[in-house]
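Per TrEMBL, the features are:
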- 1-152: region 'Disordered' (REGION)
- 24-38: compositional bias 'Polar residues' (COMPBIAS)
- 44-57: compositional bias 'Basic and acidic residues' (COMPBIAS)
- H275: active site, nucleophile (ACT_SITE)
- K277, K505: substrate binding site (BINDING)
- H503: active site, proton donor/acceptor (ACT_SITE)
- S528: site 'Interaction with DNA' (SITE)
Amino acid sequence: MSQDSQHGKWTVSDSDDDDEALPSSGTPAVSNPSSRQPLTPPRPKPEPVEVPVEVKPEPANTSVSSLAIGSEARQLAAKNQLNPVKYETSPSLAGKRKKEVSDGSGWALSDSDDDDDGDVKRKSVSNLPKKAPPSPKAKKVKVEDERPPSPHGRLYYIDEPEDFFESSVPRLNDTFRFYLNKVTGLDRKYNTGALHIKDILSPLFGTLKESVQFNYCFDIAWMVQQYPSEFRDRPVLIVHGDKREAKARLVKQAQPFPHVRFCQAKLDIAFGTHHTKMMLLWYEEGFRVIILTSNLIRADWYQKTQGMWMSPLFPRLPEGSSASAGESPTFFKRDLLEYLASYRAPELEPWIQQIKEHDLSETRVYLVGSTPGRYVGPDMERWGHLRLRKLLYDHTDPIPGEEKWPVIGQFSSIGSMGLDKTKWLAGEFQRTMTTLGRSSHRSNPPMHLLYPSVDDVRTSLEGYPAGGSLPYSIQTAQKQLWLHSYFHRWKANTTGRSHAMPHIKTYMRASPDFSQLAWFLVTSANLSKAAWGALEKNNTQVMVRSYELGVLFVPSAFNMETFPVHKNPFLASSSSAGFPVPFDLPPTCYSAKDQPWIWNIPYSQAPDTHGNIWVPS
């Protein structure tokens, strides 16, 4: 059976698969137009004791198969990513798939989409390029000060600015404290004011005593190397959601590093994930919070678009201060303490106490978190999209003609939202996103959803391997073709990042001419019910599956009526009060030929920027 849509023909599986069934850990075919032999790009010598976890995908929805993706497959995928499949004009793919791609606009399932390896904790899929057998010819020469390996060999970093790894303090008069990550291969000006992880952990920001790293995916050896040498043995607490075998592998990674300890987040609702990405940094001089979108793996920090909010340096309160001292107008301190308490973890108690003893009054953003649970009554507004709705209700104002102010959502993964838009997206979620103050008016403005097209991924800095971090599956996509009429391209010429695929997640409300914002949110939450929560029991209960965290910027907290959009965030002068939106406005709607990136079907019609094709098997 097939269905036609504005974005191509989709071949639908005969079986009633789960929403997010993913291919098994098979490897794709390799073809080289000249020799028909696997082409192996040079692979840098890995750091010792490294367990590669780069391609652990972002969670997309709540079905068994979407979040049940095994760590062994993840590690195999990471290895395979080093050896992309080369393009040839007539690829020999016979026998590799049950259903072939019929033409450039076709969509098909790989034969392994119907398989289930039975591992209920699978977290990735090796729909990535096949690794050729190791060559016995030449012995690898040890290279000192090795740069991080990449999917494309050592040339991957050839265009990076000379000062890419040099730490720099952000502009001191920055209004919003919202930053993008540095990206290799861009004009140097586009990394001005951007931050690499080594910048964040630099001594320029404080004399580090101890830190906590909340995240979804870790490479412990790589993470440790990002700390300056003088701080590299300071205690680090890892807050994660791994269980069983995945947890054992994580602990094994940390064996060479006795200063690294673990705190396992409780995931009491099936198929939830610990997806929050936050750093707590305790210095001799004070305390700092960073809320970000990057995993703690090298692949997230070089050629993807990421974002972060970095707090001011919070000083210690005077001895004898009251319990309410150090609170901000946005109640950030109260909300951060409530979020940390939701873990019910003894390992976090010392940090809760530390935060109580510091002055967070300079904070001008609101915390928007998700924690797993079913909530009723007033607790329904504590987490997820109902938390965002409450904040927008209390801290924004109605705008004349607001029905023409579009909602914009931008993300890197998509969950299952039902057979039509009213089931969740255009129902409870849109009601949240369109809330402006205490108005009883319920507007129905346009909703623009930004998600990379196949061509965006193909022409990206990473090429097709960038799609390994965009895990939208054919099984989910084919059940919600209605969603794709909302889609817009990833274009970011303003920030120089059109070819740095987004792992950042942002949501906002823009004026009809896209020159003003009513609010802006940067978060770890993708477009899914697992992340944002879903109403149950005739709207008397909300259920949230995952841990997520973001910060909301509203104009009233900055003594503004709206945020003007910054037209050139990388000007030498930082005097502009405009908000640095990370992509171009207005968004560019998909054309009739554009298709959303689907990560578990083949793309063999055209090579990517590195001459490779994408052939899951």
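Glycine is no exception: its Cβ is also placed from the backbone N, Cα and C atoms.
Automated prediction, rather than curation, is the source of TrEMBL annotations.
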Separation of alpha carbons, K505 (substrate binding site) and H275 (active site, nucleophile) (Å): 12
All-chain count of other Cβ atoms within 10 Å of H503 (active site, proton donor/acceptor): 25
Cα separation, K277 (substrate binding site) to H503 (active site, proton donor/acceptor) (Å, whole number): 12
Distance [Cα-Cα, Å, rounded] between K277 (substrate binding site) and S528 (site 'Interaction with DNA'): 17
For the recorded positions H275, K505, the one whose C-beta sees the most other C-beta atoms within 10 angstroms: H275
Distance from S528 (site 'Interaction with DNA') back to K505 (substrate binding site), taken between C-alpha atoms, in Å: 12
